[in-house]
Amino acid sequence: MIKIKIPATSANLGAGFDSLGLAVNLYNYVYMEESDTTLITSLDQTEVPSGEDNLVFVSAKKVYDLCGKPLKGLRIRQKNDIPMTRGLGSSSACIIAGLVGANHMLGKPFSVDELVDLAAEIEGHPDNTTPALLGGIVTSVYDGKEVRWVKQEVHRDLFFYAIIPDFELKTETARAALPQKIDFKDAVFNLSRAALFSASLLQGKYENLRVAADDCLQQPYRIPMIKCGKEILDATYKFGSYASYISGAGPTIMAITAEDNHFFAMNIRETLDQYKLYGYRIMQLSIDNCGTQVFSD
Ligand code: HSE
């Protein structure tokens, strides 16, 4: 039996659509072992698919298939602290759990780079899967076959406040809302900001982050799908956020603040209450620089 610990991830970081992502200290745990039959259960209240369409199983099976190893079944137990379909990388966590778990059980036939590629192939884009595996803040480019990536560790006194709505937003719905074509000037707007983001975060040039997180490719189309999304974004800046953006495909809004901004969560809670958004949660998170870890008994 092995235990796999996979971090939540926050993708896009505003302008870096399908390219930038970072890992935070909120985790899913997956326990896995080979078995004569497949049995998949949840260790908490989360409903998980119990058949062979389960994403952890699908991803693990892919590793077995690629290695030409027959797989009778897997016993999988999942503890999902990462909220599902909220823009915090829950599906990427399942993919990474399956790939890393199977790779570990088979004696690590695949390198880290190969796992990064496989994960991007399953997910379709690398901006959650790569930091879920590696931790830190990751810039990745996927050409449809291979991912080119750079991981950087963030050792800064920052909090990442995830403001998590009480409804789901499917990635496919949020992607369907995006335009098919964009103007040249909009492309320049975004690429310059995406390039600015990680350099500014890592060098502590926080005064750049608000500009760097601005984006005109996806957030303007997605923010109307988040009840009071615009009002929440405005409130995060009013109360001292360095940078705020829709996390991945949403609906979570992420705000990056100084660690000594002691009143941020209280102020945002009051704002949510003003809009009667009593079901929205606020989680105070930090960067995870480790990425996915495997423990054996
Ligand atoms: N980059 C992706 C998106 C992240 O914004 O659609 C969600 O999977």
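We count from 1, first residue shown onward.
Every residue gets a Cβ built from N, Cα and C, even glycine.
According to TrEMBL:
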DOMAIN    54-136  domain 'GHMP kinase N-terminal'
BINDING   Pro83, Met84, Thr85, Arg86, Gly87, Leu88, Gly89, Ser90, Ser91, Ser92, Ala93  ATP binding site
DOMAIN    206-260  domain 'GHMP kinase C-terminal'
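Other than Pro83, Met84, Thr85, Arg86, Gly87, Leu88, Gly89, Ser90, Ser91, Ser92, Ala93, the residues of this chain whose Cβ falls within 8 Å of the Cβ centroid of the ATP site are, in sequence order, Ala8, Ile82, Gly248. With DSSP classes pooled into helix, strand and coil, the tally for the domain 'GHMP kinase C-terminal' (206-260) is 24 helix, 10 strand, 21 coil. In the predicted model, the domain 'GHMP kinase N-terminal' (54-136) has a mean pLDDT of 97.
Non-local neighbourhood of Ala93 (ATP binding site): Ile6, Pro7, Ala8, Thr9, Asn28, Asn80, Ile82, Ala132, each in the same chain, at least six residues away, with C-beta under 8 Å from its C-beta.
With DSSP classes pooled into helix, strand and coil, the tally for the domain 'GHMP kinase N-terminal' (54-136) is 47 helix, 8 strand, 28 coil. Of all the binding-site residues listed here (Pro83, Gly87, Gly89), it is Pro83 whose C-beta has the fewest other C-beta atoms within 10 angstroms.
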